[in-house]
Amino acid sequence: MAENGIGESLLKKNKYHEDCPGCKIEHFKETNTGVPFKHLLYVGIVVLCAALPISSLFPFLYFMIRDFHIAKREEDIGYYAGYVGSAFMFGRALTSVLWGMIADRYGRKPVIMFGTISVVIFNTLFGFSTNFWMAVSTRFLLGSLCGILGPMRAYASEVCRKEYQALGMSIISTSWGIGLVIGPALGGFLAQPAEKYPNIFSTDSLFGRFPYLLPCLLISIFSVGVIAVCCLLPETLHSHGGNGEVCNDSVALGAAAFESNSPRKSLLKNWPLISSIIVYCVFQLHDMAYAEIFSLWAVSPRKNGGLSFSTADVGEVLAFSGLGLLLFQLFIYPLVERSFGPVMVSRIGAVLTIPLLSSYPFLAMLKGLALMLLINCASIVKNVLAVSITTGLFLLQNRSVTQQQRGAANGISMSAMSLFKAIGPAAGGSLFSWTQKRQDAFFFPGDQMIFFLLNMIEVIGLLLTFKPFLALPDDNIS
């Protein structure tokens, strides 16, 4: 094989550095042609830890804001809920590039470890929030200090041979999507435990006085275990100097042939990277706005066009969505991506999302078993389509740059995406409050308008996936 020949040639020229963690990973890939299941398991667990806190608050955020007594009217709760939902992403937007640069300079592992510790501390403090500003500040600090996802996206592509990179990105998207579904499920089932489970939790207990602490605390406890998993992660960044200096020359065994033909260039001038980031940001704006709006819509009263769900009902719907998402991403997505390519999969997902969201307002007309059956099916399909879109764009971004730029590239992607995601909940919450007040409007009354606006964002994202805007990366980049 050509790659084996390259590896042997480099070994003969003493290009392989025994003490370099990046070289060890490249040598592992060279000598192990199978799927790196152990490394991908670690990736999935760490990404799940990062994803769980992000949307675990959505099922109970409506009630949390109500308990803060900051909203003067019921219809205004969505405004304040949007600000709390946006605080995490706004913090992440400010620091993601910095975390990417640190990951490229000092390694992926230190950034991942620090981010996991931040989840333990600030997610727990959020559960102890007693007022609006404490909730906003703890979420902002959590987003600022948890720089896990960007380095993990780089890491997943670096521990896999090129033929398994789609699987690596799929694992990240799957864990991320499951976290964004299981997190709200935990929040829905475990928030306000003194009301839901009075035989176990009294109103005078810790969880009675802090009704939203339990789901946050369980996620933090899980994160403590993930810290141990982080210790098992092998570093992937090349360091060939005796003082730990990062190597910038192209000496990685598996990547040498490609990187020698791919001169490094400014990331901001790399249009395949920038165009895929822009498209990715538009879809992420849509997904975050949808996550905020769906939970607010589901728990809002039927008189305002909602479903009058409890937090437990929302948790049940999102738990079923997570199961469907897991099965799809593990067994179906890699096959679909191989057959159609990441861009076509993203387009198909965007097209199918539009009629699906158009049907949501009419689901509010149903009750009982029919409602639960259809809302569960719709939620599963929506999450599957959303993660299919983002997985394809993950692949395009990582294939657009070399390893030495991957951390910074993912940092830029995370900052831009986080900014759009910060806009999503704030805008979604405000628009939701506005639509709640126009139930008798002639043009798209009530919640029909909010789902119409979500579809408009999806259409914009779909149009941007076509040439000449979206440029495909050079296949020679590793």
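Please read every residue number as a count from 1 along the shown chain.
Backbone N, Cα and C define each Cβ position, glycine as well.
According to TrEMBL, the domain 'Major facilitator superfamily (MFS) profile' annotation covers 39-473. Mean pLDDT for the domain 'Major facilitator superfamily (MFS) profile' (39-473) in this predicted model: 84.
Within the same chain, residues 71, 77-78, 80-81, 84-85, 88, 112, 115-116, 119, 123, 126, 129, 132, 135, 139, 142, 146, 148-149, 152, 155-156, 159-160, 167-168, 171-172, 174-180, 182-188, 191-192, 212, 215-216, 219, 222-223, 226, 229-230, 232-233, 291-292, 294-296, 299-300, 311, 314-315, 318 sit at least 6 positions outside the transmembrane segment (40-65) and bring their C-beta atoms closer than 8 Å to a C-beta of that stretch. Annotation source TrEMBL lists transmembrane segment at 40-65 (among others).
Summarising the annotation, TrEMBL assigns transmembrane segment to 77-99 (among others). With a cut-off of 8 Å between Cβ atoms, the residues of this chain six or more beyond the transmembrane segment (77-99) that come close are 53-54, 57-58, 61-62, 64-66, 68, 70-71, 111, 115, 132, 135-137, 139-147, 150-151, 288, 292, 296, 408, 411-416, 418-419, 421-430, 432-433, 436.
The transmembrane segment annotation in TrEMBL covers 111-134 (among others).
If you look up TrEMBL, you'll see 140-156 (among others) marked as transmembrane segment.
Residues annotated as transmembrane segment in TrEMBL: 168-192 (among others).
Away from its own ends, the transmembrane segment (212-233) comes close to residues 42, 45-46, 48-49, 52-53, 56-57, 60, 64, 108-109, 112-113, 116-117, 119-121, 123-124, 126-129, 155, 183, 186-187, 189-193, 206 of its chain (Cβ-Cβ under 8 Å, at least six residues beyond either end). Annotation source TrEMBL lists transmembrane segment at 212-233 (among others).
Proximity of distant same-chain residues to the transmembrane segment (273-297), defined by a Cβ-Cβ separation under 8 Å and at least 6 residues beyond the stretch ends, is recorded for 55, 58-59, 61-62, 77-78, 81-82, 85, 89, 180, 184, 267, 305-307, 314, 346, 350, 357, 360, 379, 382, 386, 389-390, 393-394, 396-397, 400-401, 409, 412-413, 416-417, 419-421, 423-425, 427-429, 431-432, 447, 450, 454, 457-458, 460-461, 464-465, 469-471, 473. Here TrEMBL flags 273-297 (among others) as transmembrane segment.
Same-chain neighbours of the transmembrane segment (317-336): 59, 166-167, 170-171, 173-174, 177-178, 181-182, 184-185, 188, 298, 309, 345, 372, 375-376, 379-384, 387-388, 391, counting only residues six or more beyond its ends whose CB sits under 8 Å from a CB of the stretch. What TrEMBL records for 317-336 (among others) is transmembrane segment.
Positions annotated as transmembrane segment by TrEMBL: 348-366 (among others). Counting same-chain residues at least six beyond the ends of the transmembrane segment (348-366), those with a Cβ under 8 angstroms from any Cβ of the stretch are 283, 290, 297, 302, 305-307, 340, 374-375, 378, 381-382, 385-386, 388-389, 392, 446-448, 451-452, 454-455, 458-459, 461-462, 465.
Sequence annotations record features per position, and here TrEMBL assigns transmembrane segment to 372-396 (among others). Long-range contacts of the transmembrane segment (372-396) within the same chain: residues 153, 165-166, 169-170, 172-174, 176-177, 180-181, 272, 276, 279-280, 283-284, 287, 290, 294, 298, 307, 316-318, 320-325, 328-329, 333, 336-337, 341-343, 345-346, 348-350, 352-353, 356-357, 359-360, 363, 366, 461, 472-473, each at least 6 residues beyond the stretch ends and with a Cβ under 8 Å from a Cβ of the stretch.
Positions annotated as transmembrane segment by TrEMBL: 408-428 (among others).
Counting residues 6+ beyond its ends, the transmembrane segment (448-466) has Cβ neighbours under 8 Å at 275, 278-279, 282-283, 285-286, 289-290, 293, 297, 343, 346-347, 350-351, 353-354, 357-358, 360-361, 389, 428, 431-432, 435, 438, 441 in the same chain. The transmembrane segment annotation in TrEMBL covers 448-466 (among others).
Beyond its flanks by at least six residues, the transmembrane segment (168-192) meets 40, 43-45, 47-60, 63, 149, 152-153, 156-157, 159-160, 211-212, 214-215, 218-219, 291, 295, 310-316, 318-319, 321-322, 325-326, 329-330, 333-334, 337, 383, 386-387, 390-391, 394-395, 398 of its own chain at Cβ-Cβ distances under 8 Å.
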